[in-house]
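Working notes, beginning with the structure itself.
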Amino acid sequence: MISNPATKYRQFPVIALSDRQWPNKVIDRAPRFLSSDLRDGNQALIEPMSIEKKLRMFDLLVECGFKEIEIAFPSASETEFKFVRRLIEENRVPDDVVLQVLTQAREDLIVRTFESLKGCKQAIVHVYNATSPVFRQVVFNKSKEEIKALAVHGATLIKEEAKKYPETDWSFQYSPEIFSDTELDFAIEVCEAVCDVWQPSPQKKVILNLPATVEMSTPNVYADQIEYFCRHISRRESVVISIHVHNDRGCAVAATELAIMAGGDRVEGCLFGHGERTGNVDLITIALNLYTQGIDPTLDFTKMNKIVREVEHCTQLPVHPRHPYAGELVFTAFSGSHQDAIKKGLSQRKKDIESNNGAYWQVPYLPIDPIDLDRSYEAVIRVNSQSGKGGVAYLLEQDHGIEMPRRLQIEFSRIAQKEADTTGKELTSGVLYSIFEAAYFNAPKHVELLQHKMLGEDDEGNTTIHAIFKTNNQTIEVETTGNGPIAAFVKAINQSLNLDIDVVDYNEHARSQGAQASAVSYIEMQVGNRTLFGAGTHVNSSKSSYLAIMSALNRAIDKNWISLNH
Ligand SMILES: [Zn+2]
């Protein structure tokens, strides 16, 4: 960094809008949402999604309730084109979902874009060109008139091309790219010229998308830009003002919310804020912010765990553990005073509901009820010790060689807490280990593994095993094949006991306590819509993983999550 940044960077100029109205506005309903995960989000991935992953993402977006989905830049690559065709030809688009595609204002690209959409019921064609001074002068070397002419040319081509496909219900969208850095009056002039071509009406509106392609100012300045635009654009009742904010300054959510107050009708963004550089605005945060104000966001994120896993799978990017509403730690309280306040809040709420004494959510430190997102509130205890040792996880690792995965740490801390509460014992490292041992390694044996043997493995990694299980009233022998020993073993359990359990996470490490080294395995098991852990230890590492699965299975039976009556 340099000592005087003023010699290199300038302050973004304020907008002359002394009678701005937006600060007095209150958001009282959801905007229209468009997901750009398959376009803006996908474009910005280290490894762009394969068609299979795109299909999964599309289905997920539909499941979340998106009615407008920007699926591709079809003229940009063969994969993008094929994906659009596949959605249409395989009838994968629900009737109430509108596809959107992006194109530049060039004739060959526009022709190809319409070809990709042939046979589609309804679609939005989104055309853009850069309008800001830096792009005009440095990138394209074009005058304002030439830039405007380019937009008009694109708009005209699109209007003409659309006539060739009368079976589709077309809508048009124009973006003055880098709107955030374009002179406002010029942005309006270009949009007016585009609207002159498209001739929108209140019945057939045109979408004007005003991107903060790069976020350059405090959110209030962007809101001023939007209010100024809304006030000065003619045919306001015939245009939809769309907000598309990137997160360069880390304020995309705030900028989007203020822009809605300033007149924005529609918001474009991505799940968990994916997209170029720092990403687009995070639609999950925007939607759940509305929800916690009592406003129906029109999107459904109840299955948050599944959404996180699917998006991580498709994008190969992790969701931050502290991501608003979604991160694995956002409903976890570490501090004792927070835990205490939350506990009081939750029990007061229970009383209020029982006595019909109003049921508005007001629990300290929790802006949303985790149950609404299929999550639960978790309290993590830490063992306080004068000697300066850390928490439960630290003690088990240092003194007993147990390296719990993070979600298991959370699960186990509750077991340890309960034990401490009932016995009043101090949780020394030895006591903690015996609690761990009793809960996981020596979980009650409702089902026992009597024998197991690996029979073979083929070139594709398919493993065949033979196993014998014993329950209270029977002994069951099975032979199953699965993709690897763990999959084969889970299949053996499901088949023997007529269950539908799944392993969602697996960790293993070596432990050298005592004379010989052994393996410790941890399994996170999905049972219905819940998950729990099991742990096993053995000198043989496959045996240790089987024992971990048995531990999880027996713990689930013990909790009555699984019933063995069949
Ligand atoms: Zn963007």
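Using N, Cα and C of the backbone, Cβ positions are placed for all residues, glycine too.
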TrEMBL has His244, His246, Asn280 down as binding Mg(2+); which of Asp28, Asp37, Asp40, Asp500 does it also list for that site?
Asp40
Fewest other Cβ within 10 angstroms of its own Cβ, chosen from the binding-site residues His244, His246:
His246
Give me the sequence-ordered set of same-chain residues, not including Asp40, His244, His246, Asn280, with a C-beta within 8 angstroms of the centroid of the Mg(2+) site's C-beta atoms.
Ser36, Pro211, Thr213, Val245, Ala252, Glu268, Gly269, Cys270, Gly275, Glu276, Gly279, Val281
Surrounding CB atoms that lie within 10 Å of the CB of Asp40 (Mg(2+) binding site), all protein chains:
23
